[in-house]
Structures are given as structure tokens and as C-alpha cells.
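A.B. asks: This is the structure, below, for whatever I ask next.
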Amino acid sequence: MNQVIFHVDVNSAYLSWSAIKSLAGGGGEDYRQIPCVVGGDESKRHGVVLAKSLPAKKYGIRTGESLFEARRKCPDVKIIKPDFPWYVEKSRAMMAILSQYSPDIYKYSIDEAFLDMTGMEGLMGRPVEAACRLKDQIRDELGFTVNIGVSSNYLLAKMASDFEKPDKVHTLFAGEIREKMWPLPVRDLFSVGGSSEKKLLKYGVRTIGELAAMDRKRLVKDMGLQGGVIWEYANGIESVPIVQRETKEKSYGNSITTSQDIGSCETACRMLMPLCETVAMRLRLDSMKVSTVTVQVTDYDFKKRSHQRSLGHATDVTAEIYEAACGLMREMWNGTPVRLIGVSGGKAAREEYEQMSLFQDPQTEKQKKLDRAMDSLKLRFGEDAVIRASLLEDNGRTRGMARAKMEHKIKKAGPESRRIKERHNEGTI
């Protein structure tokens, strides 16, 4: 049986979701039809563009650039603040519709997901027909549009969804790679970041097809393992899976893989925060604490490094785990851009009671109360219900990359975590 994969990607998600809320509230203009961006506080120098309309894109405005730069390119651009609780609500509504088409869904980020449609043809019809129905149902019931890529693997499905937008279904099967993917700029290939593109341009490689035609051995020799991976991706071979399916957990850890190089220690440290939040939340739900923290990175050439630190005490406090993780990141940072960042807690043990101290830090107690409050909100309303301001305003692009491939989900936690989550969903706690 041939594998069939859908990749569903919301068109300009944050902006589209803000637009339908504004229109429902009597707003006179559709943000999607004018030069408009979603961003943080424009008065702050580090506010960035989180999403843009197609008219804004025509002015050269790019996601991730500063609001100052966006205003310079288009003085009349409308800037609206993000509304993450609303975005979470729309994301959950979309996921509910996706579940009507396949039981096997992988939420890739707040605004995109993969569906494994293998074996569903008898129930849902031919893949392209099912994709068109799904696209239209989302548009008609929820008021926003999506692109859907259809292929035989995750890589090609994701590439297909990036073709012409909005509100489109595209296929990219093996026999279509030459016509549809090879003419694209090499930077459009998944996993080709800025540093890889510069190296390829030195070889005269400007399109994905030119990369696919190169000698693989030469690429591996000059670019390391990354050269071999991008050559295989250019030929439609998903040698390194872009989606990590669930595996049996052996520790309390979390990692992210990004499609772009992480080039600064400061950015890497900010990306550690959502990872540490997830690890610490799982510890608290399972009534466990850890006494060691490990940080690992994998660079663009797939070379791995890791550092570990003993805390001197057992903890489940997010701030303590994050502080240790940032310290480790600074110790091991050598300036080499990285693609994967992970954090894990070791020597996990269940604590039936907490030893009291005459010198108990009041700040630690405040952090524990904050953690418990955030846990409750996230379990009730989803993981994006509470987001730290530093990840929204000062570094929206970093948060986007961090959410882009969060490999852990709450449902992978231990049985006690699942029981607590069920009680939250029932409203008993």
C-alpha cells in the first residue's frame, strides 16, 4: 500500500485569524486585503513581523524582520498586535476538523499539521478529492484558508503546500519533482539555511534541480553530512525524517529541530525556554524532580555536543532548570550555527514530601506558584494559552522556530500526567 501524506498549512495564520475576529466584531476592513502585519509593540526596537498579508508581501516585507524595517518598506502598513488565546482557539477548531479525515495527525505547529491518509481512500475518496473537501470545509466553517500539499512522504507534502497560495491543493509525487520542485530557488528547499545557500551559490547552484544534479560525494566532502542530506531532499528522498514520530520515552527531555541555522548564543538560550517549560511541567504532573540538567546541540553538519550540570538538589521549578540550561549553553557555545537544541533532566526521582528549610528562598516559592498556575491554564486551554512576553514581543521569530518542531506533546507524558490532564478536561481541578 502506497503511503499518502497531507500537509495542511494555514495561509498567513496569525493575520488571517486576526482578520476574521475583526470582521466578526464589525471591523470595516479585511486585514488580508490590505498591507498589514501582525507584530509586537512597535515602540520597542526588537518588535518583529510574525505574519504578513499578501499585499504586504508585495512590498518586500518578510516574516521575522523588524517592524521598523516593515514600516520603512511600506509607510502605510497596518500593524496589529497578536492575540494568542484567539489563535489557539482557531488552531484547535482546525485540528478538530482534521480529525474527521484521519486518526493519525501530527501537529507540526500551531498553524500546520500532517495527516497520514494511507489506506483512507475507501472511506475518504481519492487523495486530491479528499484534500479539496478538507480545504473547502475549513474555509466555509472557520472562515480562513489553508494550502494542502499531497505526496508520498512528509518532505514532499510540506514542499507542495508552499506552492502557489492561498486556498490551494498541490501534489508533489516522485514523477512531478522535475517539473514542480527543481525549478525553485535552492533556498526554498527544506533544511537549506543561509549558510548552506551561500556555499551552494559558490558552486553556481541556484535551483533545487541544480543541487539534485550535483555529485553527492563532492557535497558530503565539502559540506559534511548536511551536504548529503540536502542532496537527498533535492531528489525527493526523506533520508532524515522531518517529522519525529512518538517513541517510548526514557527520560524527561525535549528537543527542537529548526529549518534555519541558529547563529547566536542569545537566540539559542531563548529557544531553551519553551523546552524547559515543557520538561518542568511534565515533572510536576508526574510528581517527579530531577537533580541534573543536560543540554545538547547538533550543528548544521550533524556534529553533536552536550554538557551536563548537577544542581545540588532535586527540582521541578521551570526557572531553575532554565537557569542551568542557559549556563550550559553558554559554556558549550563555540560560534558554530546549530540546527537542533535539546534539554533533559536526569536522576529523576519521586518525592513524597518536600524537606523544609529555614532558609527557603521566597522567590522560589513565587516561581512554584507561577508554575502551578501556568500548568492549570495550559492543561485547560492548550500549550499556547500562556506565553512569556519575551517570546512574543522581543523575539517572535525565535518563538516561531521553537514551536515549529516541538517533538514532545503532553500526551507522551506518564500515566499520572494523563490522569491529571483528564481531570482538568473534565473540570474537576
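Cβ atoms here come from the backbone N, Cα and C positions, even for glycine.
Checked TrEMBL, it gives:
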type	residues	note
ACT_SITE	Glu112	active site
BINDING	Asp9, Asp111	Mg(2+) binding site
DOMAIN	5-193	domain 'UmuC'
SITE	Tyr14	site 'Substrate discrimination'
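Surface or core, plus neighbours and distances: that's what I need for these features.
C.D. replies: The Cβ of Glu112 (active site) lies under 8 Å from the Cβ of His7, Val8, Asp9, Val10, Ser161, each on the same chain and at least six residues away in sequence.
There are 25 other CB atoms within 10 A of the CB of Asp111 (Mg(2+) binding site), with all protein chains counted.
In the three-state DSSP assignment, the secondary structure recorded for Tyr14 (site 'Substrate discrimination') is helix.
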A.B. asks: Would you identify which of the recorded positions Asp9, Tyr14 has the most other C-beta atoms lying within 10 angstroms of its C-beta?
C.D. replies: Tyr14
A.B. asks: In Å, rounded, how far does the Cα of Asp111 (Mg(2+) binding site) sit from the Cα of Tyr14 (site 'Substrate discrimination')?
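C.D. replies: Rounded to a whole number, the Cα-Cα distance is 8 Å.
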